Amino acid sequence: MQSLTTALENLLRHLSQEIPATPGIRVIDIPFPLKDAFDALSWLASQQTYPQFYWQQRNGDEEAVVLGAITRFTSLDQAQRFLRQHPEHADLRIWGLNAFDPSQGNLLLPRLEWRRCGGKATLRLTLFSESSLQHDAIQAKEFIATLVSIKPLPGLHLTTTREQHWPDKTGWTQLIELATKTIAEGELDKVVLARATDLHFASPVNAAAMMAASRRLNLNCYHFYMAFDGENAFLGSSPERLWRRRDKALRTEALAGTVANNPDDKQAQQLGEWLMADDKNQRENMLVVEDICQRLQADTQTLDVLPPQVLRLRKVQHLRRCIWTSLNKADDVICLHQLQPTAAVAGLPRDLARQFIARHEPFTREWYAGSAGYLSLQQSEFCVSLRSAKISGNVVRLYAGAGIVRGSDPEQEWQEIDNKAAGLRTLLQME
């Protein structure tokens, strides 16, 4: 770990230079040579400082770990206001989670950020103070002194003691029947209903080890992990982008419509072809496309909807249509509140679907079906926090949802959420 040691020594040298006793922000970037095999997630999980946040873009080109919070924000609106107060730092990134309710968030300006973009990496330390940067530099030195060497992540040697679904299968059937009745009566076009599964284990679950296992096997996904403290974390491997913004250029997508995957390429292709031709799944996907376009229309230029694709994952395949446009102004608050929750995770009409979910789902979604990522003045990117799990000591809560439209069958939808949950669940049964 020569690169890390050298980078930290360079940071300390910068902190030993004269720093003014004035308010403000100072960013120290140290080039980080990728000469040795540095596993950023393992290093992050070795530390005893919280919060910890890990994020990897789904094509693998960008990866980041952030450690410690200089300042925290309970909503993306707050975070964007902060960034706009410091326009000289266009690349200053705030990382974290937005809840299913987009007015709630857990976002942070990190003390330390390691970021890899393609073949280049940087270690960044940020100072921020409303009174004295000099004083914050002293705290930053103390922070660096707490860092420890990397330790290998443990295996997931787990014994299940209990399992509970919310709702159970009977409750699920009743819920789907109520939803399809409501749709038939014209009150809703679609509602996305979810199930939470609590898996109890004989010993605590190492959340970072679970994240590492998922990253290894669940390809073509965003990977995200937030450890709130030593026992509580939220993580996932999501196939779905909520949005990516580069200045005013915006990319989003409709990911809706699902069929099982198969390890055999030929059988997987046949399933994918069936998905492309299936009326129910195409209808479900187009509902999401139309809703996204309608929501963005007032804040964007021309909206381009690309042809449908089949996205093949480890356990399932999805229909995806990408949507590209240009914003009238670079504003992540607009992106969040217009796009989240999309019809792919809530339903249509959105407000009525959210009311149905709040009234009838037997658990609170919290971070599930929210979003994970970062914002800066320059750019931003968030994935939808799907295929996700909440870890609380020795309990793992897995989440999975299904889009309910006219003609949905409770048994088929139960099988679909089993397939979706399997992306993470099978990791806990492998060793």
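Including glycine, each Cβ sits where the backbone N, Cα and C put it.
If you check Swiss-Prot, you get these features:
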- Lys190: active site, proton acceptor (ACT_SITE)
- Glu240: active site, proton donor (ACT_SITE)
- Glu284, Glu416: Mg(2+) binding site (BINDING)
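Rounded to a whole value, the Cα-Cα separation of Glu416 (Mg(2+) binding site) and the residue listed as 'active site, proton acceptor' is 16 Å. Within 10 Å of its Cβ, the residue among the binding-site residues Glu284, Glu416 with the fewest other Cβ atoms is Glu416. Around the Cβ of Glu240 (active site, proton donor), the same chain contributes Tyr222, Glu253, Leu255, Ala344, Cys383, Val384, Leu386, each under 8 angstroms and 6 or more positions distant in sequence. In the three-state DSSP classification, Glu416 (Mg(2+) binding site) falls within a helix. Secondary structure from DSSP puts the residue listed as 'active site, proton donor' in coil.
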